[in-house]
Amino acid sequence: MYKNMRVRVENVVQEGTISRDYMTNEGESEAFSRWTDEFTPQNHPPVVQVLLEQSKDKDVTGHTMPNLVYVSRGKSMNLPHNFKAGALNVLLRVSATMTNAPVILTLDTDMYSNDPRTPVRVLCYLLDPAMDPKLGYIQFPQIFHGINENDIYGGQLKLEFQIEPSGMDGLVGPSYVGTGCFFRRGVFFGGPSETPELNQDHLVNESINSKEVLAVAHHVADCNFEKKTKWGTEMGLRYGSLVEDFYTSYLLQCKGWKSIFCNPKRPAFLGNSPINLHSILNQIMRWCVGLLEVAFCRYSPITFGVKSINPLTGLCYAHFAFWPIWSIPITIYAFVPQLALLNCASIFPKASDPWFLLYIFLFLGAYGQECLEFMLGGESIQRWWNNQRLWTIRGLSSFLFGLAEYLLKFIGISTFGFNVTSKVVDEEQSKRYNQGIFDFGVPSPLFLPITTAAVINLVSFLWGIVHVLKQRDLEGLFMQILLAGFAIVNCWPLYEAMVLRTDEGKMPVKITLISITLAWALYLVSPVVF
């Protein structure tokens with residue numbers, strides 16, 4: 001069945017039209033008849049089509065099928081469509097007009113249910129009279145299948161999706177991560193609506209396929225519906241950030257709603273993670289722009305959140321919102337001590353100085369804490385090591401470019417383009433990933449800072465060793481040589497990709513040459529500073 005469907009889809013894409021032979025009923029014909037040659041992805045009216053109706057359709061064994069409704073929201077080139085938040089708000093309204101069910105599950109299209117008991121777990125929370133009536137949503141961890149043995153790209157995001165939400169669960173609950181989350185419908189509606197069908201107490205007594213219900217559904221799915229309404233500000237998912245999930249849950253908790261982190265042994269949902277480095281870095285860069293939009297908005301967690309929720313939860317949200325700011329210290333530590341080393345300038349306490357122990361304690365303490373958290377979470381040492389490596393790579397690429405993009409956007413020089421993260425890979429790429437080999441095959445500017453840092457750290461380390469052997473003076477430069485050596489170990493996949501590899505996943509020659517040029521330029525100007 002899947003192979004036949006795949007052939008049909010590929011034929012339609014190739015021919016640009018849908019053959020009548022592929023339509024099995026009048027409903028499908030009606031849905032496709034709405035589309036005309038004038039329709040474009042950014043300019044078309046809404047389309048709402050009932051594919052399955054619970055009261056009528058049954059499977060081959062006679063069991064009742066659930067409602068299944070196709071929704072394509074209306075779009076106009078002259079109106080903002082607010083990306084994923086806008087799409088979810090249309091689904092909220094359309095579902096309200098058709099069933100107005102009190103519980104909503106949001107799930108990314110690349111995720112699927114891994115445990116049929118999950119809804120029962122959720123209802124145990126929502127229907128328990130002992131639970132807080134302000135319980136707004138139950139968040140399940142975002143867990144991915146297909147991750148290679150050592151998770152070379154840190155794609156599981158263990159800290160962000162599993163460990164840290166467990167900590168927030170001890171306060172007022174975790175943030176919403178965009179998928180695998182069950183909501184009470186009531187959290188999205190801020191009072192009576194001008195459209196009666198969108199009120200929380202609205203009862204749907206007619207067939208979802210009736211003309212009256214479909215007419216209202218098309219009305220609320222139109223791109224003009226939200227004009228002069230509270231949708232996106234006080235109702236539905238909130239607009240104003242690319243990370244609409246994080247922003248919405250933060251504002252909901254500011255209004256007094258609480259959440260629960262449910263992490264059963266059997267994952268409730270499984271999804272796909274990008275398995276090439278460029279896609280992961282692009283995805284995180286987009287998150288960084290959205291997080292900074294939250295960090296510096298009028299409802300900043302560091303000010304408004306601390307007062308509206310509680311100090312600890314406000315600081316938790318601030319920790320995430322200011323995530324991209326980590327690019328500043330990471331970039332400084334990746335370049336400044338090494339350039340100072342090349343100029344034989346000591347910037348850290350000598351190894352005999354008592355203050356030297358403080359630096360060692362902070363270094364080992366930070367890495368030791370994260371390693372302990374990983375081990376207690378059931379992960380291997382190798383996975384932790386790859387995660388900390390990717391933290392540095394993200395800091396020099398995604399965080400840095402995300403911060404720059406936000407600043408440019410803030411002063412009106414640039415606008416951020418939203419791109420859906422690709423999770424489709426070719427066989428060679430998949431083979432390299434399964435073998436634990438990094439893929440750098442795209443000549444992306446995101447790779448320039450990390451390759452430049454790799455070059456400078458390697459050269460400074462070798463220069464430092466030569467200097468110590470000549471001058472017999474290790475004490476003053478020990479910390480800088482240690483940092484450079486640690487960076488070299490972390491950058492080993494980069495050196496392989498730049499020099500040793502010949503496959504398509506190697507570092508593009510253009511990026512390597514530009515990085516060497518940039519490293520040389522930084523060295524030439526460094527004597528001015530040191």
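Using the three backbone atoms N, Cα and C, a Cβ is placed for every residue, glycine included.
Heads up, TrEMBL stuff is auto-annotated, nobody curated it.
Copied from TrEMBL, the annotated features are:
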| type | residues | note |
| --- | --- | --- |
| BINDING | Lys84, Asp108 | Mn(2+) binding site |
| TRANSMEM | 315-336 | transmembrane segment |
| TRANSMEM | 356-376 | transmembrane segment |
| TRANSMEM | 396-418 | transmembrane segment |
| TRANSMEM | 446-465 | transmembrane segment |
| TRANSMEM | 477-495 | transmembrane segment |
| TRANSMEM | 507-525 | transmembrane segment |
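Other Cβ atoms within 10 Å of the Cβ of Asp108 (Mn(2+) binding site) number 15 in total over all chains.
Cβ atoms under 8 Å from those of the transmembrane segment (507-525) belong to residues 335, 339, 342, 440-444, 447-448, 451-452, 454-456, 459, 494, 497-498, 501 of the same chain, restricted to positions at least 6 beyond its ends. Shown in sequence order, Gly178, Glu244 are the residues of the chain, 6+ apart in sequence, with a C-beta less than 8 angstroms from the C-beta of Lys84 (Mn(2+) binding site).
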